[in-house]
Amino acid sequence: MQQREDFLLKAYELGIIKFGNFTLKSGIESPFYVDLRPLSSSPQLLKTLANNLLELADDAPYDLICGVPYAALPMGTTMSLASGTPLIIKRKENKGYGTKRMVEGVYEDGQNCLLVEDVITSGQSLLETIDEIEREGLNVTDCVVVLDREQGGIEKLKKKGYTVKTLFTINEVIEILHRYHRLSDGELSRVKNFLNNPPAPPEVKRVPLEQKQIQHPVGKRLVDIALKKKSNLIASADVITTAELLKLAEEVGDHVVALKLHTDIIKDFSMDFIENLKKIAKEKDFLLFEDRKFADIGNTQELQYKEGIYKIGSWADMITSHVIAGEESLKVFDNVGVVAIVEMSSKGTLTDDYYIGKALNVAESAPNVMGVVAQRKVSDDLLLFTPGVNISTSGDNKGQQYNTPERVMRGYHTDFMIVGRGIYQSANPKEVAQEYQSLGWAAYEASLS
Ligand code: S5P
């Protein structure tokens with residue numbers, strides 16, 4: 001007993017739990033914050049912790065130990081060293097090359113693995129890790145956890161048949177800290193009150209289009225058109241002749257805010273065609289959006305943008321560009337709204353969370369970027385464009401993945417949805433464009449309330 005309390009007080013000195021006002025990832029305001037990672041800064045405490053966790057797992061049958069990444073990795077390692085039980089390591093992401101294994105180490109089918117977790121809240125990350133370990137042919141029966149935040153995680157795991165043992169509950173932690181005068185009476189009751197009546201996460205409200213702080217003039221034009229037409233639809237005209245494209249522009253023009261093109265797939269491209277298309281765009285009030293997806297150094301991108309047979313810079317209102325070459329490379333796009341690709345819709349895309357974060361930094365610091373292409377809400381300041389929308393199918397056999405207008409508007413708070421084959425391959429593109437327009441706008445309006 002005393003030993004546990006000593007351990008906790010020393011861990012507290014290291015800063016594993018702080019009291020005050022903290023905004024959690026969920027948006028909830030919490031009076032305390034727990035982070036067990038500083039424990040690794042005290043080898044002595046880490047050893048004590050490992051021994052305590054091993055004691056908890058005394059009756060558990062196991063041949064291997066695995067810590068849930070990342071916080072429990074050093075805990076699992078120390079338990080392995082102290083007990084002589086081999087460690088396996090679960091990756092957070094598949095490294096995408098080499099063996100493509102999600103679990104590293106030497107193990108055999110049917111071996112039993114003890115899982116170690118630092119803090120259990122909803123139990124979600126522990127369940128995900130168990131699932132991946134089991135998919136490797138291993139068995140999981142027991143888990144040991146340092147701290148239970150008492151928010152239903154343990155019950156969830158028990159229901160699924162797992163045995164979970166915890167060293168401390170959050171209530172025990174605050175009682176001990178209070179008893180040893182690390183926590184005042186007022187703080188104790190504040191934390192207890194929070195734990196007894198956990199607040200629901202705040203609802204993320206969508207900012208209506210007319211209230212968005214759009215800086216870019218093309219962004220403002222696009223929003224004006226959207227409000228006037230009651231449309232958040234961009235049709236992707238991925239057809240390969242100018243005749244088909246002009247016909248499509250006439251048919252869908254009234255229902256879209258922009259027509260997205262891949263001019264390099266058109267067999268008979270000419271600047272005359274562009275003049276005709278511009279006339280339709282003017283008459284039907286939509287913007288021309290060239291989906292060139294630039295991805296080179298600034299100088300090359302400038303040549304691709306201004307020269308060649310397409311002379312994109314002379315007619316496009318908007319373009320797409322990757323940001324892989326960095327912020328300076330985007331400067332060459334003048335007189336146009338740049339939509340930065342930060343996440344792609346296709347299966348197996350390399351645009352993981354890490355990439356998105358870095359790509360957003362570039363996009364947000366380039367003044368000519370008006371929006372981003374992504375499959376989720378990533379930025380408050382930039383317009384969000386989401387391709388991969390189709391009401392009749394969930395994907396193609398080339399990696400494309402589809403969502404419904406409802407999902408992208410209500411779930412992701414997308415500003416503009418991009419629909420290609422769903423419209424231009426339909427029997428009646430005009431009618432279908434109108435259908436997407438009303439579905440998209442209704443879902444947008446529903447997402448406001
Ligand atoms: O991640 C992306 C980005 C884009 S711009 N995924 C996409 O599908 N796109 C484009 O959107 C793609 O190049 C195509 O022009 C359109 C989707 O077409 P659909 O036929 O699959 O709807």
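Glycine too: its Cβ is placed from the backbone N, Cα and C atoms.
TrEMBL has this to say about the protein:
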BINDING   LYS25, ARG91, LYS92, LYS95, GLU117, ASP118, VAL119, ILE120, THR121, SER122, GLY123, GLN124, SER125  5-phospho-alpha-D-ribose 1-diphosphate binding site
BINDING   THR121, ARG149  orotate binding site
DOMAIN    232-436  domain 'Orotidine 5'-phosphate decarboxylase'
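Known features from TrEMBL, placed on the structure.
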residue: LYS25; record: 5-phospho-alpha-D-ribose 1-diphosphate binding site; DSSP (3 states): coil
residue: LYS92; record: 5-phospho-alpha-D-ribose 1-diphosphate binding site; DSSP (3 states): coil
residue: GLU117; record: 5-phospho-alpha-D-ribose 1-diphosphate binding site; DSSP (3 states): strand
residue: GLY123; record: 5-phospho-alpha-D-ribose 1-diphosphate binding site; DSSP (3 states): coil
residue: ARG149; record: orotate binding site; DSSP (3 states): coil
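Ligand 1 lies under 6 Å from the Cβ of none of the binding-site residues LYS25, GLU117, SER125, ARG149. For LYS92 (5-phospho-alpha-D-ribose 1-diphosphate binding site), the number of other Cβ atoms no farther than 10 Å from its own Cβ, over all displayed protein chains, is 12. Mean model confidence of the domain 'Orotidine 5'-phosphate decarboxylase' (232-436) amounts to 97 (pLDDT, 0 to 100 scale). VAL119 (5-phospho-alpha-D-ribose 1-diphosphate binding site): 22 other CB atoms within 10 A of its CB, across all protein chains.
There are 18 other CB atoms within 10 A of the CB of SER125 (5-phospho-alpha-D-ribose 1-diphosphate binding site), with all protein chains counted. Neighbour counts were taken at the CB atom with a 10 A radius for the binding-site residues LYS25, GLU117, GLY123, ARG149; the maximum falls on GLU117.
Among the binding-site residues LYS25, LYS92, GLU117, VAL119, SER125, the ones whose Cα sits within 10 Å of the Cα of ARG149 (orotate binding site) are VAL119.
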